[in-house]
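The structure appears right after this line, and notes come after that.
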Amino acid sequence: MAGGGGRPRCPPGVLLGVAAVVVAAGWVRAELKDEQSIDLIGKNEVYGDIRHEVNVYVKVFTNSPFLVCMDLALSQERIIDANYLWTGPDGRVLQGQSYVNLTETGKLMVLGFMVPMSGAYTCTLSHKVIETTTQEEIEMVEAYKFMVYAYREADHAYQVSVRFSTTGCGLKNNDLFINILKNILNSSISHLTCHITGSSYKCHSIRTPKDGLQYELFVNFLVNPFAPGWEEVCPEFPYDCEAVTNRRVRQAAERIGKFFHQIRQVLKNEFQAVPTIQYVDNSFSMTPIDSCRPGFGRNHHTHQNCASCCVVCGPGTYSPNNEVTCQTCARPEAKMYGAKSCH
């Protein structure tokens, strides 16, 4: 029977399965596959598991939680002559590196997490187990693997659809009306450094049993938070402004919603040049649209525990624009995390 050094443990085999941890705003939640979830709120620590690699999601430019070079059960035992060897994604030993905080008890924190820091962090723990009867010392070696990914919050915008009745589809007043509408909306949200983009309309003839032939303008536009000067709104953190831009665009969307609730009075006062165009009651709708910065995307299958996050694109994938999907390279030329192209 072993004593004085913890339970005997098998040498590490192939790391299978997935555990996941999301780190944001100073809290941590770890979810281990096939095990009960373990909340580590306030501790800022993530334990390893010799059976599973652990996925950890760290918001860009923040510090990672402490990655602990042991599992939760082993942490409750006495460990004799422990030695910890941490290596980063490039295989480099992390001891002494300026961008990490490595404690004497084998805990690793990556400081100011950047996109290129994403990847596999592996710790090898060696320690002794002493047989109580013979005092024989047995050397134990265990490996823990953490897959650490940079992520951002999604950028929010709002798709607006609205309809107006008009007296005909070929009228110049239709174009005039849309331009005036766009100018008024832009003026109402410019102080929030938001603006209207992608505005368009189509005119359709509609025949109804009750009213006969009518014409309607189907108008669509996007409430976008990235008007010129948007970066100046968050001078302290110009590199990571999702919270600020998302708050501003939500306020802009609320103002536009209020505008359309008062649209009949606005049309009477502001659109005297085009009195033949009228708002179609209850036609206003607004849908939130999420986007990710280039080099980031969403993958509900690969990153199901951070499904709403914009996670850095992995090697062999890229994202060149503000869509929400990392595309697969035809050839595996993108070998880094966060690629914006395959070259």
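Just so you know, glycine gets a Cβ as well, placed from its N, Cα and C.
Per TrEMBL, the feature signal peptide maps to 1-30.
The domain 'Zona-pellucida-binding protein 1/2 N-terminal' annotation in TrEMBL covers 54-152.
Annotated domain 'Zona-pellucida-binding protein 1/2 C-terminal' per TrEMBL: 292-342, in sequence order. Taken together, the residues of the domain 'Zona-pellucida-binding protein 1/2 C-terminal' (292-342) have an average pLDDT of 89.
Taking DSSP states H, G and I as helix and E and B as strand, the domain 'Zona-pellucida-binding protein 1/2 C-terminal' (292-342) has 3 helix, 9 strand, 39 coil.
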